[in-house]
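For reference, the structure is listed below as structure tokens.
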Amino acid sequence: MQLISKMNRNSQNLIKRRETKVQDTQNFYKLVAMHQDKIAESSFAQTQQSGPQYMRMHNYKNIQYTADLGVGQPGNTFKVVLDTGSANLWIDSTRCQEEGCMRHKQYNHEDSQSFLPLNQELNVEFGSGDLKGVVNADTVYFGEVTLPRQNLAEITSENGAIFRDLDFDGILGLAYPKMAPKNFNPVFDNLMDQRVLERNQFSFYFAKDANDIAHSEFTLGGYNPAHVDGDIHYHDVIDKYYWMIKADNILVDNKDIGLCNGSCRLIVDTGTSIMSGPFDDLGTLLRTLNVKSHCHEINTLPTITFKIDDVDYTLEPEEYVKPTNFDAAQLTEVNEGDDLQALIEVNNWDCIAAFMPLDIQQPQGPAWILGDVFLRKYYSIYDRDNDQVGFAKAKK
């Protein structure tokens, strides 16, 4: 996950790789055994299967998309980023008294009758900051599904402007359980264990208009055909850690400029606002694009095509170029009919390609990240039954 709040030239120079560290404070399995009696209670089991559930997502300026998650009781809801690039559930909590934490809604486990203490310390470094917390368990309410004894990390400290300034109270990781430390059970794996879904799938539709706060959608247990324009193409996951697939090539105006040597890895990450690539390869791409010299003529820039299993997924320049220098107050005065490209051409604002350098270490890297810039154009389906990612042209 890399939420990017503001892009500028300097932001393309430095980024930290993601690391996960866990410190034991008690024997995890001994604590689980202590709660076996409560876990076995019939009230904690949900066995009825449900069809696809369509859940509205909140769009915050095309920077982040969040959904509501109940913790402790159904009405105690938090805005969480649904992040296919991480695996843990993080919730802002009253354990954190820092200013950034207190700007958001905070979870208080003392108010929950279903709280289970595990007291496992968890520290995770993201590309945009780091979080510290204590892992415990509680009942969570996700759509129409109730998930008892769900592992969650109560945030005790956070570092990074992203966590402080943006409009979300937590992160719900949807990556593979291999990424979750110490056998902590991710939310979707808990769903799979309880067999509450007819299909172990989920999918995303991200609204393209930054002012469209009502139409982004997460589908739990399948996908929504209403948002699919044309055929769906499925691609095998090649490493069950991230949602990682293999690209045949990455082309610029249908030309091979050496970005993939035979093939390259792609991570599909709904928690990353833009895109990323290995430092050296991204440098080649940015020099070829030369975006900053064409801010007043976006149409002359080339297309970028990700060729995956002989299927072309193309981004047009107006989809991967973003402005950097503008007065936000001035933006509100622009008529609703004016699009991004027209604004740049009229005002001759500086602009930037929506990519950041990120050297992901082996064994998962090197890899490119397909973030929300890509996923706004292409509806995405994540299939744990078959370990595949599906893409289709998105339709509002």
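Glycine is treated like the rest: Cβ placed from N, Cα and C.
Remember, TrEMBL labels are computer predictions, not curated facts.
Summarising the annotation, TrEMBL assigns active site to D83 (among others).
According to TrEMBL, the feature active site maps to D269 (among others).
Under a cutoff of 8 A between CB atoms, and with a sequence separation of 6+ in the same chain, the neighbours of C96 (disulfide bond) are M102, Q106, E154, I155, T156, S157, E158. The feature disulfide bond is assigned by TrEMBL to C96-C101.
For 65-392, the entry in TrEMBL reads domain 'Peptidase A1'.
Looking at C101 (disulfide bond) and D83 (active site), their Cα atoms lie 19 Å from each other. Rounded to a whole value, the Cα-Cα separation of D83 (active site) and D269 (active site) is 7 Å. Within 10 Å of the C-beta atom of C101 (disulfide bond) sit 20 other C-beta atoms, taking all shown protein chains into account.
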